[in-house]
Amino acid sequence: MPVILAIESSCDETSASVCVDGEILSNVIANQTIHEAYGGVVPELASRVHQQNIVPAVQQALLNAKVSKNDIDAVAFTRGPGLLGSLLVGVSFAKAFALAKNLPLIDINHMQAHILAHFIAERKPSFPFLCLTVSGGHTQIVLVKDYFDMEVIGQTLDDAAGEAMDKTSKILGLPYPGGPLIDKHARTGNPDAYKFPEPQIPGFDFSFSGVKTAILYFIRDNVAANPNFIQENLGDICASVEKRIATILLNKLKRAAEAYNIKDIALAGGVSANTGLREGLTNLGAANGWNVFIPKFEYCTDNAAMIAIAAYYKYLKGEFAGQEIAPLARMPISPLTP
Ligand code: KG4
Ligand code: ZN
């Protein structure tokens, strides 16, 4: 019955979770609003807010789980990838806590954790499965052979899908983070109103920089002709952008599923909260006889519950880290991939 305290601090969410024997008992997420004014995450500010939030987040997670500090068997944390200063706060906290309580440490790869979030739910995918992992920093199709045996079979050559969402929202004058706002406005618009190009990239790789430039020129030209173009057509623009990004992702995922003859297909990462992408994958899965796995909203964007569940499986394997462990800004999902 291991009781695991898990910490996530890789970007701009400070999160703490308690997991008992593979069951998540709490998942506290402190969002940082300070970055809104800057149109993106400011790393130095993120680190400072993590420092303020981490102790209250852990205290709340223990309280919600009705677990005392003395009940904890291991402390887990995100080692990377992420912003180094942000990671450092979580890693230092976990190390200090473990040292004070004489507990083992468990280091977790953030991208593996996004995928392992699927093991929180009752209904779990079977190995091997494919996972489309789409976040602010990553866009990958991952062949998941086992809990910690993952292979990236396709990835973005330039921007991540979340970045494309966030940059589009910036062009539209919407505040950061733009993904959820694109989603909100898309619900009121026609996804077929405007057509943006689909890049022709070989294999299972992606590219979003061409689409981003096409969107930029499209908005610029239309605003030059009509200064109210954005306000008058916000729903249609967001719906069309969302549809193009979702179809780029899903067309590649379909090709990968066919090539690897895999029917268990999962979605992970912050962009998996997107309504159009969730609906698109559900429909594609129904048409192709897939077993589709989409995380609950609270486990899509960054959270410590996914770190806790990943740590539970590492605990069962007896894999622990020592006090010398340091965070890594770059950390591949598997040691074999670049
Ligand atoms: O996984 P995540 O929380 O952080 C990273 O590890 O990057 O992903 C954040 C990304 C941001 O780009 C955000 O705009 C996007 O996920 N996102 C969404 C939605 N919710 C979050 N994009 C589209 N629709 C959403 N509903
Ligand atoms: Zn993430």
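The first residue you see is number 1, and the count goes up from there.
In case you wondered, yes, glycine gets a Cβ from its N, Cα and C as well.
Heads up, TrEMBL stuff is auto-annotated, nobody curated it.
For the Fe cation site, TrEMBL lists H110, H114; matching the candidates D264, D302 against that entry yields D302.
Per TrEMBL, the substrate site holds T133, V134, S135, G136, G137, D166, G179, D183; the candidate it also names there, chosen from N31, N53, N274, N283, is N274. Counting only same-chain residues six or more apart in sequence, the Cβ atoms lying under 8 angstroms from the Cβ of H110 (Fe cation binding site) belong to E8, S10, T78, R79, G80, P81, G82, D302, I307, M331. Cα of G179 (substrate binding site) to Cα of H114 (Fe cation binding site): a span of 18 Å. Between the farthest pair of Cα atoms in the substrate binding residues (T133, V134, S135, G136, G137, D166, G179, D183, N274), the distance is 18 Å. Proximity to ligand 1 at the level of Cβ atoms, with a cut-off under 6 angstroms, picks out G137, G179, N274 from the binding-site residues T133, G137, G179, N274.
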